[in-house]
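*Asks:* As annotated by TrEMBL, transmembrane segment applies to A:33-55, A:75-92, A:112-130, A:142-163, A:169-188. Marked as domain 'Ferric oxidoreductase' by TrEMBL: A:41-156.
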């Protein structure tokens, strides 16, 4: 019981502390609401990215497998909404910079990582939502979904680490490491690369 | 040094060759052709507002944008050239009109414009500069600050006659 509480407490800390640290940035004083919203949608996305592999791996105590899956779906949809808010806010702030990023001609190296992460997140979410309707063998479906999600995770981590001015550096680094650890743990434990039929 | 390859004969030949060609324009000073024009940087023209007014200072100041303007080829400093400057600062976003201003180079082809502190925007603390006056090819620069705490940023133009 204590252990379960500690796990949940640690998770809440891991997701909220980066948000609080970002909210204390002095740079916010010189940013418009749309830009601030875009930044926080990005920070929140990193937190949601931590939840996703934990829910997929059914690592969170007190959640039944069905509840885990349901929350994985809800968090995934929230993540897509957060990405859309992120890009929209940036578009309102500076359209040419977003156009450059989407066309992969941006001067900032992190832009391409973010755009690739976005374009893999959308089909990963579609695979999740339409799983019942896609006549794909389960393990093949899983490899597709996790493969796309892995690109999103790596893309988001590199994207975030290269950006200056939105997240506080220590909390950003800690959250990124947690996201990577949680992802590797789940991918390895589920052995997602194993696409043989279950015997 | 009796084996020196540079004999009196070769010295005479070289000297004669120099004399013959010096008036022909075939011999160019080494400095000349090497100074290539500055290419525009990626994203340099983002949020550009053509025709920014020449100002003594953008907003309240406290930060210095500096640089030089020279001619491609011979590197001659270009005085009186109009350089437009804008950035995301403590006083406004890049596309806000008050974030834009222009200045002229002095007799040494140097410019210096005081502006508000640049703050990181779109992931990097950076400024924008433009030469867009017609006499030379248009150039847009987007220099990045080594540290967002810097109080100055430099950018250099080598312009190609239009």
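Note: Cβ is positioned from N, Cα and C throughout, glycine not excepted.
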*Asks:* State, in range form, which of A:33-55, A:75-92, A:112-130, A:169-188 has the highest count of Cβ pairs under 8 Å to the transmembrane segment (A:142-163).
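*Replies:* Highest pair count goes to A:112-130.
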*Asks:* Quick one: do the transmembrane segment (A:112-130) and the transmembrane segment (A:75-92) reach 3+ CB pairs under 8 Å, ignoring pairs fewer than 6 apart in sequence?
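*Replies:* Yes, since the transmembrane segment (A:112-130) and the transmembrane segment (A:75-92) share at least 3 Cβ pairs closer than 8 Å, they count as touching.
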*Asks:* Looking only at residues six or more beyond either end of the transmembrane segment (A:75-92), which have a C-beta under 8 A from one in the stretch?
*Replies:* 34-39, 41-42, 44-45, 48-49, 51-52, 55, 98, 101, 118, 121-122, 124-125, 128-129
*Asks:* I'd like the per-state residue tally for the domain 'Ferric oxidoreductase' (A:41-156) from DSSP, helix first, then strand, then coil.
*Replies:* 93 helix, 0 strand, 23 coil
